[in-house]
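A.B. asks: Here TrEMBL flags E467 as active site, proton donor. The substrate binding site annotation in TrEMBL covers H106, H319, R413, S440, H518, D526, H530, R577. Annotation comment: TrEMBL describes G171, P172, L173, G213, N242, H319, F494 as thiamine diphosphate binding site. Look at TrEMBL and you will find D212, N242, I244 tagged as Mg(2+) binding site. According to TrEMBL, the feature domain 'Transketolase-like pyrimidine-binding' maps to 410-582. Positions annotated as site 'Important for catalytic activity' by TrEMBL: H106, H319.
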Amino acid sequence: MAASASSTFSQSLLSRAIPNHPATHNSALPPHSLSFLSAVKPSLPSARAAASSSRRRSTRSRSSCAVVRAAAVETLQKTDTELVEKSVNTIRFLAIDAVEKANSGHPGLPMGCAPMGHILYDEVMRYNPKNPYWFNRDRFEEDLKQFRQWGSQTPGHPENFETPGVEVTTGPLGQGIANAVGLALAEKHLAARYNKPDAEIVDHYTYVILGDGCQMEGIANEACSLAGHWGLGKLIAFYDDNHISIDGDTEIAFTENVDARFEALGWHVIWVKNGNTGYDEIRAAIEEAKAVKDKPTMIKVTTTIGFGSPNKANSYSVHGAALGSKEVEATRQNLGWPFEPFHVPEDVKKHWSRHTPEGAALEAEWNAKFAEYSKKYPEEAAELKSITTGELPSGWESALPTYTPESAADATRNLSQQNLNALATVLPGFLGGSADLASSNMTLMKAFGDFQKSTPEERNLRFGVREHGMGAICNGIALHSPGFIPYCATFFVFTDYMRGAMRISALSEAGVIYVMTHDSIGLGEDGPTHQPIEHIASFRAMPNIFMFRPADGNETAGAYKIAVESRKTPSVLALSRQKLPQLPGTSIEGVAKGGYVISDNSTGNKPDVILAGTGSELEIAAKAGDELRKEGKAVRVVSLVSWELYDKQSDEYKESVFPAGVTARVSIEAASTFGWQKFVGDKGKAIGIDKFGASAPAGKIYKEYGLTVEAVIEAAKSFF
């Protein structure tokens with residue numbers, strides 16, 4: 001529960017907005033949709049009453065932490081206090097009513113965070129509610145009465161593929177702030193590449209709300225450490241400091257000085273002491289944050305979870321459950337709210353509605369500005385348009401290398417590097433890096449330098465040993481603009497450290513490319529801690545993700561082709577450390593089918609036996625086929641490089657590869673045999689590894705584990 005709570009709302013408010021002109025990517029919805037978002041997203045795990053907050057502050061904050069005084073902020077649009085209060089309470093009660101009707105949800109956080117949410121969406125960010133996919137955008141959505149119901153646009157957690165205006169899908173704690181780092185990185189990178197002295201075409205902020213639960217998750221620290229290192233000055237994080245998580249007051253498990261930690265990470269830190277009603281404090285904090293250009297800002301906003309609820313405010317009971325009818329009525333009385341459920345007062349509606357014409361004007365202004373930019377800088381404009389629209393350059397795939405059986409044997413990680421560098425020259429949105437393993441993963445783009453604080457225009461990302469943060473940051477990059485194609489890399493076994501982010505990639509339709517090397521026992525002496533066994537099967541079981549295990553150069557190129565084209569499906573490429581030959585019969589086109597025949601001496605679609613393999617074991621299957629043919633057998637050898645793509649093929653095609661009448665089937669893969677029965681059937685044989693690996697030279701392990709040509713031949717002959 002706690003895990004889904006904080007990151008959920010952090011993502012719901014994750015937004016991108018431009019300062020003084022055309023707005024940029026925001027999940028920004030007008031405040032009423034914000035209330036919806038906060039309602040659908042479990043509230044952040046933390047809270048406490050303002051009156052009691054000072055009791056522990058002296059031990060939790062440092063004197064160097066900026067404390068914002070209430071002050072008029074001339075540069076931010078302001079509304080009279082009475083209307084602001086009414087707007088804020090509208091947000092609170094829309095959240096209360098939505099959760100109450102669904103009898104499910106998290107009302108506490110939106111009740112406490114409504115003031116900062118309202119000021120952000122109403123006064124700070126710039127967006128066009130009528131065009132949720134404008135490059136410089138925020139979004140609008142309303143479907144509150146169907147909150148958490150089948151088929152509605154208001155699911156229990158924010159889902160970018162369901163709800164227009166939601167930037168990213170979240171739920172697991174810490175994902176939102178990590179995605180925000182990716183969004184802010186994308187802005188800084190695009191601004192450095194395409195802004196000109198006479199044309200600042202990219203200039204927007206990324207805002208995110210996170211809570212104590214997010215702060216506790218390691219992924220948040222990984223991502224925030226990188227944000228400080230990279231100097232992402234247009235990232236502003238609002239820390240909902242309410243001191244309540246699902247189990248109770250955070251004093252039971254979370255007493256560190258968050259301010260000091262963020263300062264050590266290279267962030268500017270501001271403290272708003274009264275987040276419940278201190279509207280001018282919030283405005284001043286935002287203004288101060290935007291004045292800091294060289295580092296990200298965390299604004300700690302002390303709020304009361306469930307603000308306004310007479311009996312449940314400042315308690316864990318308001319965190320993840322409906323208030324109940326009696327407490328809803330008591331809260332209405334306490335806050336002087338005489339309206340029926342889901343009511344938006346006319347003056348509030350009128351006030352918020354102004355964003356529609358204003359947003360349209362902002363988009364028109366930016367479009368005109370971009371038109372002028374295109375005349376002056378046509379090449380840069382074409383590249384930027386490719387990134388913002390997702391339209392790949394014509395003929396890009398011709399850059400992919402091809403191989404023949406005469407080409408030198410090589411590890412598929414090295415062949416991957418050849419493909420990466422070929423793609424870097426033709427795809428303007430292609431960027432990425434490794435978790436401190438670039439020289440082993442072979443993921444450096446030779447034509448570019450490192451993205452750093454002083455060189456944000458470069459395209460090699462150095463993530464350090466932060467796998468989970470790396471994956472979530474790449475999700476943010478991918479979802480910033482459809483033409484961004486981020487990749488990230490580590491050893492395949494270390495996907496265990498980043499699986500949460502990879503699952504969110506699949507769920508949120510973020511086409512990240514995961515370059516995973518050292519894919520099997522073939523890595524040898526590093527032993528079982530580094531040798532993946534169950535990993536391939538686990539990703540094959542995950543929906544909406546392509547699991548590739550290419551056998552040679554052509555299959556590696558084919559995997560990259562699909563991965564680049566698949567902007568709504570992430571891809572995992574499991575690549576070898578050891579050298580592999582370039583096999584006859586493999587092809588880029590074959591990979592697109594997922595499974596295909598690489599050699600066959602049978603007639604009438606009636607082979608005596610079918611041998612199937614992937615990756616480094618396809619060579620073993622091919623050699624076994626050659627030996628069996630010498631004995632007069634009709635043998636078909638099949639590459640199953642991607643089960644997911646094969647599953648998409650027609651029944652007729654599948655019958656042409658695995659005819660139903662042929663039950664003599666053998667598979668070989670240096671991984672778990674789980675799942676292979678769907679191909680070899682009840683009568684077939686699956687050769688693999690259903691135990692952990694061992695530390696020894698790769699050849700010795702293969703022999704001891706029975707992954708040999710001889711083992712395949714023996715299994716095949718058992719059918720004759």
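Glycine residues also receive a Cβ, built from the backbone N, Cα and C atoms like all the rest.
Unlike curated entries, TrEMBL annotations are predicted automatically.
So where do these features actually land, and what's packed around them?
C.D. replies: If you take the C-beta of E467 (active site, proton donor) and look for same-chain residues 6 or more apart in sequence within under 8 angstroms, you find A435, T490, F494, T495, Y497, M498.
Over all protein chains present, the Cβ of H518 (substrate binding site) has 26 other Cβ atoms lying within 10 Å.
Around H319 (substrate binding site), taking its Cβ as the centre, 31 other Cβ atoms fall within 10 Å, counting all chains.
Within 10 Å of the C-beta of N242 (thiamine diphosphate binding site) there are 34 other C-beta atoms, taking all protein chains into account.
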A.B. asks: Under 8 Å between C-beta atoms and at least six apart in sequence, can you list the same-chain neighbours of H530 (substrate binding site), or say none if there are none?
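C.D. replies: Those within reach of H530 (substrate binding site), by Cβ under 8 Å and sequence separation of 6 or more, are F491, V493, H518, L523.
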A.B. asks: Using the structure shown, find which entry in P172, G213 (the binding-site residues) has the sparsest Cβ neighbourhood within 10 Å.
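C.D. replies: If we count Cβ atoms within 10 Å for the binding-site residues P172, G213, the smallest count is at P172.
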A.B. asks: Just name the winner among H106, R413, R577 (the binding-site residues) by count of other CB atoms within 10 A of its CB.
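C.D. replies: Within the set of binding-site residues, the most crowded position is H106.
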A.B. asks: Sequence order is fine: just name those binding-site residues in G171, P172, L173, I244 with a Cα within 10 angstroms of H319 (substrate binding site).
C.D. replies: I244
A.B. asks: Roughly how many Å separate the Cα of N242 (thiamine diphosphate binding site) from that of R413 (substrate binding site), to the nearest whole number?
C.D. replies: 47
A.B. asks: Determine, to the nearest whole angstrom, how far the Cα atom of G213 (thiamine diphosphate binding site) is from the Cα atom of H106 (substrate binding site).
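C.D. replies: Distance (Cα to Cα, whole Å): 14 Å.
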A.B. asks: Can you give me the Cα-Cα distance between S440 (substrate binding site) and P172 (thiamine diphosphate binding site) in Å, rounded to a whole number?
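C.D. replies: One finds 30 Å between the Cα atoms of these residues.
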A.B. asks: If you count other Cβ atoms within 10 Å of each one's Cβ, which of the binding-site residues D212, D526 has the most?
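C.D. replies: Per the Cβ count, the most surrounded site is D212.
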